[in-house]
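*Asks:* I'd like to ask you about the structure that follows.
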C-alpha cells in the first residue's frame, strides 16, 4: 500500500459515453448540435435580459443568472466531451480534471439556489404584489445571487482540494465522460470515508434546503391562487409555468440520481442522467422560457424586428 501511495498520477483516462465505434460519429453530431443550441440560447437570454428595457425586473435578473449557470456547467463539460469523440484515447490532465470538477460543482450547486431564489421571487410577486418592489429591491436580488456563488465556491474548493490532496493508486481510468467527485473516489488509495461524508452532507443540505424553499413557495402561491378569480388564476399560472417546468425537470433528474436504491445505482445510469442535466437541460431552459413567457417572446420579436430594420 505504501508503494501505491507513492504512485504519481499525471493524467486520467475518461471512459466516455460509449466505446461502440459505430456510435461515435452520430453521438458527436447530436451532442454538438445540442451544445451549440445551448450556448446560443443561453447567451441570447443573457444579452436579451441585459439590454431589453422591459426585462429589467427581478424575475429576469434571476433568469439571466440561471442562463449563466446553464452556460457555465455545459461549457465546463461539453467541449471536452466532444473532443473525446474524435480522439483515440480520452485523456484529461490531472490539473484540468481538478479544474473541471471545481467549476462544475460551483455552477451546478449555484443553479439549485438560483431556482430557489426565483421561486421566492414568484411568491412575492403573486402573494405580495403591492410590496413587490420594496421586498425584491436591487440589493436583495444581488444578495440572493451572491450568497449561492460564494457558498458554492467554498464547497467546490473544499471538495476538490480534499480529493486531489489524497493519494491515487496509479489506476487512472474514470468511469465517466467528465471529472466528477463520485467516479474519482474509487481511484483513491487513501481512506475516502471523510470525503464521502462531506459530499453526502453538503449534497443533502443543498438539495433538501433548496427544494424546501421551492416547495414552500409554491404551496403559498397555490393557496393565493385558489383565492383569485379566473382571470387572476390564469395570469398567475402563466407567470409560474416556465419556472415550474424547469424546476420539475432539473430536480427530477437530480433526485433520480441520488435517491435511487444503492442496488440499482451504477455509473452507466449516472452517465445517462448526467448527459441530461449537463447538456439537455441547459438547452431546454432558454427554450422553455422563450415559449412559455410572453415578455421574453415579445422581447425576442422586438429584437428581431430591430435587427431586420438595421440590415434590410
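Glycine residues also receive a Cβ, built from the backbone N, Cα and C atoms like all the rest.
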*Asks:* In Swiss-Prot, is the topological domain of residue 125 the same as that of residue 303, meaning both on one side of the membrane?
*Replies:* yes
*Asks:* If you count Cβ atoms within 10 Å of the Cβ of residue 97 (disulfide bond), leaving out that atom itself, what do you get?
*Replies:* 25
*Asks:* By the DSSP assignment reduced to helix, strand and coil, which category contains residue 189 (disulfide bond)?
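*Replies:* Note: residue 189 (disulfide bond) is coil by DSSP, not helix or strand.
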*Asks:* Per-residue pLDDT averaged over the topological domain 'Extracellular' (161-197) comes to what?
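*Replies:* Reported value for the topological domain 'Extracellular' (161-197) is a mean pLDDT of 89.
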*Asks:* What is the number of other Cβ atoms found within 10 Å of the Cβ of residue 189 (disulfide bond)?
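*Replies:* Here the count is 18.
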